[in-house]
Every structure is written in structure tokens, then in C-alpha cells.
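*Asks:* Pasting the relevant annotations from TrEMBL:
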| type | residues | note |
| --- | --- | --- |
| DOMAIN | 9-444 | domain 'Major facilitator superfamily (MFS) profile' |
| TRANSMEM | 57-81 | transmembrane segment |
| TRANSMEM | 93-111 | transmembrane segment |
| TRANSMEM | 117-134 | transmembrane segment |
| TRANSMEM | 141-160 | transmembrane segment |
| TRANSMEM | 172-193 | transmembrane segment |
| TRANSMEM | 259-279 | transmembrane segment |
| TRANSMEM | 294-316 | transmembrane segment |
| TRANSMEM | 323-345 | transmembrane segment |
| TRANSMEM | 351-378 | transmembrane segment |
| TRANSMEM | 390-413 | transmembrane segment |
| TRANSMEM | 419-440 | transmembrane segment |
């Protein structure tokens, strides 16, 4: 793993995955201030404030609209990368971040809640078109690296949301729009790295520039073997008919693989992790944690999730995919049940509030060690090249739709079911873990034909 290759991987993850994580958590700490702004604006316009139900609905839309933008972005990414390459796609996408930052940053000055919602949807569009490929020999390590940066993005949002920094009422528009800084930094640094060699040779047929790029990335003058391998891939792709989404869904030979992609991607979002990231402060408040201590408790959970993500990143090639994802989902399911029990008993046993915090920390740690990144790796490893793009579209669409569903309905689920709402996520986690244990084979160091034989 050469320094240029590691650097460009880190840079792409920094400007893409980290911003995705930041936007997952950025609406958590300023929730009270944003709702107050919505209520005050409504009063100015119509002479009366919003009732609790409509206010919750409007704020839930603000939180979840990010996922709808992500869905659209994920459907466009293949076209954009084929046309502009990795660097070109990322450079053009930064314009979305600048636009979104402008909408959210000036929303209060212009008295427009709509600008917050539009800005969130544009940020989702940017996050949805982020993708990162890596070599097969390092696919486990590099494949989980984006999940590390997602955890870092969540952590930075939690730190900046502290009352001493941007957690005050007057700073929430700045808090939402600070995303323009890392995106601009990524735009400036991208020009220091060459375009993807694979894109240059296979898509543009530019052997000279592809060779120069490989010299930079691999740090060796002899790259002829790699060039020949890419030429062979180019010839193979030119004679290969790519499968559409509809053809993938109808293909009996990969039916179990397709179902597995749907299950693990839906399970990843319906596990309750998005509810915890979006509404951490509300969860801790309901658990009885003093309001003054909630921001610091939240930051502590963020630090632990980064550590857990690093552990998963450095152990995936040793322990394999299945143990990480099964253990992660089982731990999440048990701890979600633990939150329910602790909330029900905290009136009689005040120390149960600390059990709630421990369960939240364990849920996040379990997610970051396995379910956060392994589903994306499995999607690549369960299919051949002809089926892989369609499989990514299916998995990505399910992922974003479930993200939207959780972000939108969780406040209402919490109001109607109380502490028992977490049992829904508990059941989903345990069922997904059982499915993976019974159906999905270990994919580490296995070819597609070996994996297909096991499924058959």
C-alpha cells in the first residue's frame, strides 16, 4: 500500500464519507433550536405557532430528506463516474456542497425553513454519489476505510455541537453549513493526484496517462503487468453484456445473492443506528440523563465508535466478514432490548439511566465493527462484474429508502410506543444475524464461482 494510493483513498473518504457521517449527526444537537426557528417563522407568517404534531412532522422531514437526496445521488453515480472519472465527479460534486451550505447558512437570515430542507436534500444528493473502489488484495481493509471516516464525521458533528463551540442557538446555521470547508479542501487537494488509472485506460483508452498514474500510485517504474491486466479487463468488459436491475431481479442463478444484498442493506439501516445518530440527545434525555451532561455523553459515544470502527478495519481480513457482521447485529439486538428494559425500570432504579448509556455505546460500537461496512463489501464479492453495477443500485436504493424511513417515522414511533419502540429494531437485528448465519457464506479469499457453488 503506497503512500499516494493511501493518500488518495484517505482524501476521497475525507471529503465524501466523512461529510456523510457529519450530516447524519449534525441535526442531533441543534434540534431544539431548529424547531424553535420553525415555530417562530410559522408564527410570523400565519399568526400562530405550530402544534406539536405538525412541528414533529416538519422536523422529521428535515432529518430524513437527506436520505431521499442520497437515493437520487446513488442512482446517478455510475453515469457520472463513467463520464467524468473519479476526480471529475468529485470536483463537480463539490458545487452541491457549496450550494447546500449557502441554503442552510442563510436560512435564518431569510426566515425560510424551506431553505434548511432544500439544503439537507442537496447534501444527500452529494453524499449519494460518493463511491470508492479498491484493489482485491486490500479490499477488506480499504473497503472499511470509508466507514471509519463516517464514524469520524459523526464524531466531529458531536464535538462541534458542544455548547462551548457551535451548540448555541445563534450558531446552528453555521453548524449546518460548515460542510463547505472540508469539501473545498478536498477540491484543492484532488488536483495533486492523477485520475484513476482504471478509468484512464478502460474508459478513455489513454494508455500513456494510465501508465503515468500507475507510476505515481504504485511507486514503481515497472507497471507493464498491471497495464496488461487492465487491457485484459477492457477486452473482457467490451464483450460482456452488463445486466440491468430488472434482469438481476429475474435471474434465478443469483436469486439468493440478490436477496442477501437486500436483507443486509435493509438490516443495516433498520437496525436503529440511524435513529440513534439522528436523535441521540432525545434518547439520552428520555433515559433521564441531565440536560447539561447530554452533549458530553454524546461526544463520548462518538469517540468509542471511532475506536470500534478501527478495530473492525484492522481485523476484517483476519476474522472474516461473517463473524463481524453476525456479532455486530447480535450485540445491537441485545443492547436494543437492554434500552427498553432500562427505560422501563429507571423510575424505580435511577442507576438504570447509565445502563441506557452503556447500551447506546454498545449499539454504536457493534455497528461500526461490522454492519457499517461489511454489506458494501459483500455486495461486491457476491457478484461477477456483469451483475455488480445492478447489485449496487439495488443495495444502494434499499439502503437510502430505509434510511429515510427510520429518520422520518422514529419520532412518531417513539411517541406512540415509548420504550417498546426499540424492540422493533431489536427484532430486525436478530433476524438479520440469523439470516447471515444460515444463508450467507464467508466471502474472504473466495472467488465468485466458489461463492456461487456454496449458494447453490
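Each Cβ is built from the backbone N, Cα and C atoms, and glycine gets one as well.
Describe the structural surroundings of these features, if you would.
*Replies:* With a threshold of 8 Å between CB atoms, the same-chain residues lying at least 6 positions outside the transmembrane segment (57-81) that come near it are 23-24, 27, 31, 34-35, 38, 50, 89, 92-93, 113, 116-117, 120-131, 199, 278, 389, 392-393, 396-397, 399-401, 403-412.
Within the chain carrying the transmembrane segment (93-111), a Cβ under 8 angstroms from the stretch's Cβ atoms is held by residues 15, 19, 37, 41, 44, 80, 118-120, 122-123, 125-126, 129-130, 172-174, 176-180, 183-184, 186-187, all 6 or more beyond its ends.
Sequence-distant contacts of the transmembrane segment (172-193) (same chain, six or more residues past either end, CB-CB distance under 8 Å): 4, 7-8, 11-12, 14-16, 18-19, 22-23, 26-27, 29-30, 33-34, 37, 87, 90-91, 94, 97-98, 100-102, 104-109, 116, 119, 123, 126, 160-161, 166, 216.
Sequence-distant contacts of the transmembrane segment (323-345), counting only residues of its own chain at least 6 positions beyond either end whose CB sits under 8 Å from a CB of the stretch, comprise 264, 267, 271-273, 283, 286-287, 312, 315-316, 352-353, 355-356, 358-360, 362-363, 365-367, 369-372, 374-375, 378, 418-420, 422-423, 425-430, 432-433, 436-437.
Sequence-distant contacts of the transmembrane segment (419-440) (same chain, at least 6 residues past either end, Cβ-Cβ under 8 Å): 256, 260, 263-264, 267, 270-272, 275, 322, 325-326, 329-330, 332-334, 336-337, 339-340, 343-344, 378, 410, 413.
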*Asks:* Sequence-remote contacts (6 or more beyond its ends) of the transmembrane segment (351-378), Cβ cut-off under 8 Å?
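*Replies:* Apart from its flanks, the transmembrane segment (351-378) reaches 139-140, 143-144, 146-147, 150-151, 260-261, 264-265, 267-268, 271-273, 276, 280, 283-284, 287-289, 297, 300-301, 304-309, 311-313, 316, 321, 324-332, 335-336, 338-339, 341-343, 345, 395, 399, 440, 443.
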*Asks:* Could you pull out which residues elsewhere in the chain have a CB under 8 Å from any CB of the transmembrane segment (390-413), counting only those six or more residues past its ends?
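*Replies:* Hits for the transmembrane segment (390-413): 56, 59-61, 63-68, 70-71, 74-75, 78, 124, 128, 131, 242-245, 247-249, 257-258, 261-262, 265-266, 268-270, 272, 274-275, 278-279, 282, 375-376, 379-380, 382-383, 421, 424.
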